[in-house]
Amino acid sequence: MLALTPVITVSYEVKSAFLFLSILEFTVGVLANAFIFLVNFWDVVRKQPLSNCDLILLSLSLTRLFLHGLLFLDAIQLTYFQRMKDPLSLSYQTIIVLWMITNQVGLWLTTCLSLLYCSKIARFSHTLLHYAASWVSRKVPQMLLGAMLFSCICTAICLGDFFSRSGFTFTTMLFVNNTELNLQIAKLSFYHSFIFCTLVSIPSLLFFLVSSGVLIVSLGRHMRTMRAKTKDSRDPSLEAHIKALRSLVSFLCLYVVSFCAALVSVPLLMLWHNKIGVMICVGILAACPSIHAAILISGNAKLRRAVETILLWVQNSLKIGADHKADPRTPDLC
């Protein structure tokens, strides 16, 4: 049986390094997702029509801003308030459950993005599949509304289950004067909430895998067709397939990494009481959404143009400032 040495307390240097990393990840994640949100929200302010993809990215970036806030609170709670030898505090458990719920909402939104890519890019030969793809491309706002409604229902169920079990655990701990038994009851309650929130995300993950798989099959079929007809490497459909799959496959890889980190963090937190291991897992969880936000920016034409515009503005501002300093004929206002 695997046994890890409990690391109940950590040194000041480790805490400082973890907090610095958490602040860095929080800053990068907030900047990247706030950029996606503001670029698309600015079109709303100017009353410009948003495409279906922009609408999904707007919702996804807003969700991930909240996700990064929860992960930063998790890092602060873990660093200063939660001791490994004590049962998990209600505030720390609440942060974890809210993170799982928000992560589930993000998964649903990414599933909508995957379905949109599949309907817009994939080539379908069957009439029924072609009709389904056309329906999906027209019903993206309704899909988003349905995903949010389903997420709200799951959120209400998860929070109701969590707080009811927390109340039962608190009542039991008041009447049962047994520290070890109380600790086991608290662990079972947290395990149940974690498993319940994980199972709820299975339908959205299945939809994501199916739509991504259809897109991969369509890419393979398109490449065989293009290989037989022409040798032109500048094929717009091929480039669209590759950009979409880059975004979806990267999300799948990052989601698997973050899910494994979350899965490993539970026994590290509850059984082995290894604080350094939990800190590493939290750092991985915070890095994955930031990386995917950067990939989304690089794969979206409108966001890339916005980045280029900002960089050009910064470059011109620096050049004007340098010319102003270098020009000795600049009048003295004093």
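Even glycines carry a Cβ here, placed using N, Cα and C.
Small disclaimer: the values here were computed from a predicted structure and weren't measured.
Pulled from TrEMBL:
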- 20-43: transmembrane segment (TRANSMEM)
- 55-76: transmembrane segment (TRANSMEM)
- 96-119: transmembrane segment (TRANSMEM)
- 140-163: transmembrane segment (TRANSMEM)
- 190-219: transmembrane segment (TRANSMEM)
- 248-270: transmembrane segment (TRANSMEM)
- 276-297: transmembrane segment (TRANSMEM)
Discussion item. At a threshold of under 8 Å on Cβ distances, which of 20-43, 96-119, 190-219, 248-270, 276-297 pairs most often with the transmembrane segment (55-76)?
Written reply: 20-43
Worksheet entry | Leading stretch by Cβ pairs under 8 Å, where the reference is the transmembrane segment (276-297) and the options are 20-43, 96-119, 140-163, 190-219, 248-270 | 248-270
